[in-house]
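Sequence annotations record features per position, and here TrEMBL assigns transmembrane segment to A:20-40, A:60-82, A:112-138, A:158-180, A:187-205, A:241-259.
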Amino acid sequence: MRSFFISLQSEFYKSRKTLAFWAAIIVPVVICGLIAFGYYTSSEKILKYNYPGMMLWFQYSSAALGVMGMLILPFYVMFMAFSVNNIEHKNDTWKTLFSQPLNKFSIYSAKYFYALMLLFICTILFPLLTYVSGYLLQTLVPKYTFKDYDPAIILTRFYGKLFLASLGILSIQFVLSLIWSDFLKPMGIGFIGVIAGIITANVGWKHAYLIPYSAPTLALRAASGTKNARPEDLPIFTQEIGVSLACAAVLFVAGYFILSKRNIK
Amino acid sequence: MSRFAIETVGLNHHFGPQAVVKNLSLQVPRGSIYGFLGPNGAGKTTTIKILLNLLQSPADTVFIFGQELNHNRIACLEKMGSLVEQPAIYAHLSGKENLINRCILLGINKSKADEMLALVGLTEAATKKTGKYSLGMKQRLGIALALIADPELLLLDEPTNGLDPNGIIEIRNLMVELTSKHGKTILVSSHLLAEIERTATHVGIINKGEMLFQGTINELQDLSKPSIKIEVDDQAAAANILSSNGAEIINEKEGNIHITYTGKADMGKLNTLLVQNGVTVYSISTDRKDLENLFLDITSKN
Ligand SMILES: Nc1ncnc2c1ncn2[C@@H]1O[C@H](COP(=O)(O)OP(=O)(O)O)[C@@H](O)[C@H]1O
Ligand SMILES: [Mg+2]
C-alpha cells in the first residue's frame, strides 16, 4: 500500500507541469466559461423562451454536456491515457521506474489510478462549474429562473454516469498507450473507436452498447430522452455502463499481466 | 552471507533467436570495483538489466548479496543503485526536480537532492530543465540518481560516456572513494579497458555473451606474458645461439630478438653465452604487452 501512495505521489509530482494534467482543469473552465459568457451576453434572447427553472438548468447544462460527452471527453481520455504513459516512453524511464524497490503492481496501479483521478477531476469540475456559474448568472441577470430549481441531483447523475461511461475507453487507451510508445497507434485506434462509437450509437444499432467507445454517447442519449420523464430518474447502471465497467476491470488486470511478463527494454 | 555482491550461475538470455548472454557466471566480490569489459554489443547492458530484474531470468541464476533475485526482488533492488545506458531523466523537469521525484519514490529526505547536486557538480544547473542539459550533465545527474539512496551496490553502465576528461577523473575518484571509504561495491561496464584499468580491482571480460576472462586485475596482467627484447649486431648468429640453448624466440627483426622471459638467471646465462660467442649485445630489456592489446587479443579470438 505504501508503494502505491508513493508511486501516486510521484505520478502527480512529475506530471504536474504537463498539458495532460492542466487540460483536466483548463478544458472544463474554458468550456463552462464560454457557455456562461454566452448566457450572460445573450440573456435577452434566452429570457424570451421563458424557461421554468428546471428547463433552464437543463438547457444550460446540456450545452456543456453535449460537446463534452460526444467529443471532448473521449479525446481528452485518449490524450491523457497516452500522456501518462508517454512520459515514461519518451524519457526512456520505464527502466528506472521498475528498478526502484517498489512493488510492480503498485507502480502500475498508481499510474492507472492517476489517469482515473485526472478523468475524475475533469468530470467533476464540469458539474461544479455549471452549478456555480448558474447561480452567478442568476445574480448578474436577476430575471433568470436558475434560483427556482436545484440542479445538484441531475448534474451529479449525468456527470457521474458520463464518468462511468468513460472508464471503458480510458482502460483501452491506457493499455494501448502502455504497449506502444508511438502516438499514432493508440490515437489511430482510439479515433476510429470514437467515430465508430458515435455512429453506431446514433444509428441506434441494437448492439452498440457492446462497443465501449459508444458508451458516453449512449449514456447521454438516455439523458436527452428524459425530457418528459423526470431527469432525476435517469437510470445509471444501464447496459452500456455495465460493458464499460467490465471492460475497465478486464483491461486493468490484462495491462498488469502484459507489463509484468514483458521485458523492460 | 555470500562473499559475492553479485553472483550469476550459468545465466543465459535470448532476444528472439539471438543468444545474447551465454552461460555467464559473474562473480563480483564485495567491496570490489569490478570492471565489466566488452566491445559494443557484447551483452553488458543486457546483463545489467537482468541484474536489475528488468529482463526476466530463470530462478536460482542471479544472486545479489546471496539473495535469489526473483524471490527477493524488492530486497535486492533496495541494495542497488543503477545507471543503465543513457540516463533516464524526465526532460520537462529540472535536475533538482528529478532528484526530488526519486526521493519521493525512495522515501528519503528531499534535502538529499541538494547534496547530490553538489556532489556531481550540478548545483548551478539545479533549476534548469534537464532537456537542456548537455550529455555530460545528464550523465552526472544519472550518477547522482544512482547514488541518492546510498546503495551498497552500484551498477554503472558506461558511466563516463559523454563526460569531459575532468568529469572522467571525478567519477574515477568518486568510485575509489565509495569503495575504499564507504565499503560499497561497484560494477562498472565499459568498452575501453584503459578507462577502468586504473580503478578496477577485478575484471570480467565478455564478448558475444560469453565470459572470456574473470579475475583480479593482477591476474589479468600476469596473463600478458612478459618478453625480453635483445638488441644485437648479428641477428642471425644470435638467434642461432639462443634457440640452440633452449630460448623460445617469439620474433626477430632488424637486429631485435624477442624471447619469452623465463627468469633472471636464464636471462643472465643467455647474455653471457651471446657475448662469449662474439655477438655484441647493445641492450636487453623486458617488454610487457600492454593490457589494451591483451584485451583486444582476448576479445578478438572468438
Ligand atoms: N531489446 C532488444 N531486442 C533485441 N535485441 C537486443 C535488444 N537489446 C539488445 N539487443 C542485442 O543484444 C546484444 C547485446 O546488446 P547489449 O547488451 O546492449 O550490448 P552492450 O551493452 O555490451 O553494448 C546486441 O547484439 C544487441 O543488438
Ligand atoms: Mg551497452
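In case you wondered, yes, glycine gets a Cβ from its N, Cα and C as well.
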Surrounding residues of the transmembrane segment (A:60-82) on its own chain - C-beta under 8 Å, 6+ positions past either end:
20, 23-24, 27, 31-32, 35, 38-39, 115, 118-119, 122-123, 126-127, 130, 134, 146, 151, 154-155, 158-159, 162, 165-166, 169-170, 173-174, 176-177, 183, 186-187, 190-191, 194, 197-198, 213, 216-217, 219-220, 223-224
Output the single range from A:112-138, A:187-205, A:241-259 maximising the number of Cβ pairs under 8 Å to the transmembrane segment (A:158-180).
A:241-259
Residues sitting near the transmembrane segment (A:187-205): Cβ under 8 Å, six or more positions beyond its termini, same chain?
70-71, 74-75, 78, 82, 169, 172-173, 176, 211-218, 221
